[in-house]
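Each remark here refers to the structure printed beneath this line.
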Amino acid sequence: NSPKNLPGPRNLPSLFFSHNIQLYENEAEEKKPCIVTNLPTPRLPLHYDPENSGFISTERFRDLLATHGSELDPHKLEVLLALADGNSDGKICYQDFVNLMSNKRSNSFRRAILQGSRQLKGCSLRDEVGLGLSQRLVRHVAYETLPREVDRKWYFDSYTYCPPPWFILAITIAEVAVFMYYGIQLDRLVLQVSSSSFLKSPLPYHPQLRAQAWRYFSYVFMHTGIEHLSLNMAMQLLVGVPLEMVHGALRIGLIYVCGVLAGSLAVSVTDMTAPVVGSSGGVYALVSAHLANVVMNWSGMKCQFKLFRMAMALVCMSVEFGRAVWLRFYPPAFPPCPNPSFVAHLGGVLVGLTLGVVVLQNYEQRLQEQSLFWIFFCVYTLFVLCAVFWNVFAYSLLDVRIPPAP
């Protein structure tokens, strides 16, 4: 950030007075940007930035923290101290301080924390006592998903359960409700795909009906049987709910929907005669992104039994994928239409390992400011466009024998 565009650095000391700090923290809780120019500025005998450069020396910054630090949240004070210690050039950018107080941290702020010369002062979040049930749940989620103590404390202080993790819960309830409806209609819960009426629903993707664009998304609400639904819902809730509590419905929904669309398009390109059902594309995108994030930040992840739990997650994914592969090559109940494809799982994994990892690694960072996010998003968009052209032209050019519509 250019110093010319920064608010007046002489306002910095006034931000530590109690009424201004309270205003900042209220704005942070409401997720509103800070408006520094509207804050009252008392006359001070000492100019902390005589050159009007947008920076303040770390020595003067520590003096302010020593004088007015009791008015700040303890965790926020620790981050400020780490910010002061992390700047080897001996000065603090005023914009970094504004980003901290407004809950809009910049990349320069994150780098200052990571390059700090010491660990944060005080006990870790895990050692805090006297927490209520809801606070312990938030702390547990923080250790499940975030690799840095700074981020964990930041999340613990700011999370309010409003809004709740509604996206994963809503999509799960909808998928279970649709499955139960067709279970009653088809009079079976196991291997519903073996019913002659299963693919007559308007929801599954079928290559003969690929012009009906909604089917590239709506297939997530149909499952081949209760064994398929159970594994997907277990992984979706156990992984998706904590991730949504930390990263929000918008980001988790982005990963999930991108995984769902990539799954159906991957099937239409590589397994051109097969239908698709199940939420595996979205689920595998979330789970693979989370597991990749854990591996990439292995030393920082402090969740209990992480090796065992990661192994169990991989076992569940392997069992579900193995079931899908077996079903695909099992003789279909109603030839010539084959059983549903397993390629959607692989499409979801690719989304999770690319776009999903970038989203999960940038907690409290603006995705639009991350060049890697735009690279993967552009690659994903290119894949979608190529798959659309493939669906329009390739079937006729290759003279693919598509099974008749159900």
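Along the chain as shown, residues are numbered 1 onward.
Any Cβ shown, glycine's included, is placed from N, Cα and C.
Note: TrEMBL annotation is automatic and uncurated.
According to TrEMBL, the protein carries these features:
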DOMAIN    72-107  domain 'EF-hand'
TRANSMEM  166-184  transmembrane segment
TRANSMEM  252-270  transmembrane segment
TRANSMEM  276-295  transmembrane segment
ACT_SITE  S280  active site, nucleophile
TRANSMEM  307-330  transmembrane segment
TRANSMEM  342-360  transmembrane segment
ACT_SITE  H345  active site
TRANSMEM  372-398  transmembrane segment
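Between the transmembrane segment (372-398) and the transmembrane segment (307-330) there are fewer than 3 Cβ pairs closer than 8 Å, counting only residues 6 or more apart in sequence, so the two stretches are not in contact. Its Cβ placed at the centre, H345 (active site) has 24 other Cβ atoms within 10 Å.
Listed by sequence, the residues of this chain that lie at least six past the ends of the transmembrane segment (252-270) yet keep a Cβ under 8 A from its Cβ atoms are 167-168, 171, 205, 207, 210, 215-217, 219-220, 240, 243-244, 276, 279-286, 289, 341, 343-348, 350-352, 355-356, 359, 380, 383-384, 387-388, 390-391, 394. Long-range Cβ contacts of the transmembrane segment (307-330) within its own chain (Cβ-Cβ under 8 Å, at least 6 residues beyond either end) map to 193, 224, 227-228, 231-232, 234-235, 239, 271, 274, 278, 280, 284, 287-288, 291, 294-295, 338-342, 345. Counting residues 6+ beyond its ends, the transmembrane segment (276-295) has Cβ neighbours under 8 Å at 145, 147, 171, 175, 193, 203-205, 219-224, 228, 232, 235-236, 239-240, 243, 252, 255-264, 267, 301, 303, 306, 310, 313-314, 317, 320, 324, 340-341, 344-345, 347-349, 351-353, 355-357, 359-361 in the same chain.
Within its own chain, the transmembrane segment (342-360) is flanked in space by residues 145, 243, 247, 251, 254-255, 258-260, 262-267, 270-271, 274, 276, 278, 280-290, 292-293, 296, 320-321, 324-325, 327-328, 367, 370, 372-373, 376-377, 379-380, which lie at least six positions past its ends and keep a Cβ under 8 Å from the stretch.
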